[in-house]
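Among the features that TrEMBL reports, domain 'Phosphofructokinase' is placed at 97-402. If you look up TrEMBL, you'll see Gly103, Arg166, Gly167, Gly191, Asp192, Gly193, Thr194 marked as ATP binding site. According to TrEMBL, the feature site 'Important for substrate specificity' maps to Gly193. Residues annotated as active site, proton acceptor in TrEMBL: Asp222. Look at TrEMBL and you will find 504-515 tagged as compositional bias 'Polar residues'.
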Amino acid sequence: MASSDNDNSQMKIVNGEAGYILEDVPHFTDYISNLPTYPNPLRSNPAYSVAKQYFVNVDDTVPQKVVVHKDSPRGVHFRRAGPRQKVYFKSDDVQACIVTCGGLCPGLNTVIREIVCGLSYMYGVNKVLGIDGGYRGFYSKNTVTLTPKVVNDIHKRGGTILGTSRGGHDTGKIVDSIQDRGINQVYIIGGDGTLRGASVIYEEVKRRGLKVVIAGIPKTIDNDIPVIDKSFGFDSAVEEAQRAINAAHVEAESVENGIGVVKLMGRYSGFIALHATLASRDVDCCLIPESPFYLEGKGGLFEFIEKRLRENEHMVIVIAEGAGQDLFTEHMQDMNQKDASGNKQLQDVGLWISHRIKDHFARTNKMSITLKYIDPTYMVRAIPSNASDNVYCTLLAQSAVHGAMAGYTGFTSGLVNGRHTYIPFNRITERQNKVVITDRMWARLLSSTNQPSFLNPKVVEEAKKTEQPPTRLLKEEKCKNLDEVKAETPSQLLEEDNCKDESGNNADQSIKTEN
């Protein structure tokens with residue numbers, strides 16, 4: 001196999017026969033020579049003595065694409081996570097630190113706990129610091145000493161015991177602090193903005209030739225991180241969203257012409273709204289950022305509400321926070337500010353659409369309605385993680401610890417096709433994962449709620465005249481899925497010329513199977 005460094009030096013490409021491509025992560029040996037190695041302490045660990053195989057094979061990789069054709073190339077792979085036979089740190093020499101950045105998400109404390117316990121119980125590391133208050137905590141706040149006893153029951157609490165913040169990223173000061181404190185393993189828990197910062201920190205560490213691991217654990221409640229199967233906290237968020245939807249359904253069902261409106265998180269991606277709607281079965285209409293809708297006129301939201309109220313005498317609407325932002329007046333859009341992370345501060349679409357629905361029925365005088373608006377967004381993200389996410393967080397944390405001890409750096413641990421892997425930073429931050437409304441998953445939701453697609457008639461007519469662009473699922477074969485998409489699909493909603501799978505990834509990078 002021949003390998004070559006990528007331009008951004010954060011991804012090593014290894015090409016093999018039959019189209020095999022390994023998008024590998026950096027290692028100490030890439031920029032530091034003559035490093036000593038040590039036997040992995042797991043050899044004498046009682047917990048691993050019962051395992052048939054202690055270590056993963058050095059050549060083990062995980063394919064990103066699981067659905068293939070008989071003549072298709074093997075495609076992109078990632079390095080499999082897990083313990084290696086040799087490590088690049090003596091246990092007593094490790095000085096690790098953990099930092100949490102960005103918004104809250106169920107499971108943050110579980111990840112913190114399992115990094116601390118993994119380092120201690122598996123590798124005998126006893127020096128772990130918690131950085132207080134996000135990135136700026138490296139140079140402006142005190143640290144917290146973390147031991148298994150300190151973190152013993154933090155997984156039962158929401159939020160993060162370390163505190164968090166947005167922004168505050170001064171690369172030079174952060175790396176100076178890492179050097180001054182003698183830290184040689186940095187575990188960074190955060191979303192795409194946080195991991196972009198981690199990527200810059202890694203570059204500076206490499207430039208200085210430091211033997212310091214920069215490892216990430218991808219976090220976002222919106223599930224909008226590409227490549228990985230899902231982000232931790234997502235299952236908990238969907239489960240908690242059910243409570244709000246159930247409350248809205250009870251309120252709506254208890255009165256004549258009752259309407260329950262629930263706003264869920266989803267700035268640019270509507271995965272929480274989509275999955276919560278499918279799980280609930282009480283939702284009549286789901287509105288997400290990826291699917292445009294309009295209010296007035298034939299085929300609009302108001303007409304559908306009137307129709308559903310005549311049929312059932314009540315209805316529930318779920319709307320993601322980023323949906324319908326284009327419907328606000330230009331003046332209100334100009335008022336938008338940005339937070340410390342550079343994210344656009346959105347208008348409250350849930351409150352706005354509730355007022356518009358009330359005004360419509362008051363103006364037309366067709367029927368009297370009772371509308372209840374529920375906004376559980378901060379309640380959803382502040383809860384402790386559920387059982388499923390606790391297990392997931394444990395495996396993500398342990399995978400990161402194994403990778404750090406083995407000398408890998410500039411990576412995030414993540415689940416790909418049900419297997420834990422090490423993924424280069426640039427693959428995690430290159431784009432945002434979004435719901436693709438030309439996929440079967442969105443069609444399943446429309447079938448479940450029996451709601452219209454709300455596509456503008458003018459857009460539909462234009463789409464009928466536009467030929468579908470070619471796709472790149474395979475090098476010499478067209479994507480049959482997009483060939484079968486109905487003519488009503490607006491071509492402008494297809495991202496570039498790539499076929500998409502149900503989770504919003506490129507089909508040639510698919511990580512989902514189709515039942």
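Cβ coordinates come from backbone N, Cα and C, glycine included.
Around the Cβ of Asp222 (active site, proton acceptor), the same chain contributes Ser231, Met265, Gly266, Arg267, Tyr268, Ser269, Phe271, Ile272, each under 8 angstroms and 6 or more positions distant in sequence. Per-residue pLDDT, averaged over the domain 'Phosphofructokinase' (97-402), rounds to 92.
Taking each Cβ in turn and tallying the other Cβ atoms within 10 Å, the top scorer among the binding-site residues Gly103, Gly167, Asp192, Thr194 is Thr194.
Note on Arg166 (ATP binding site): other Cβ atoms within 10 Å of its Cβ, all shown chains, come to 19.
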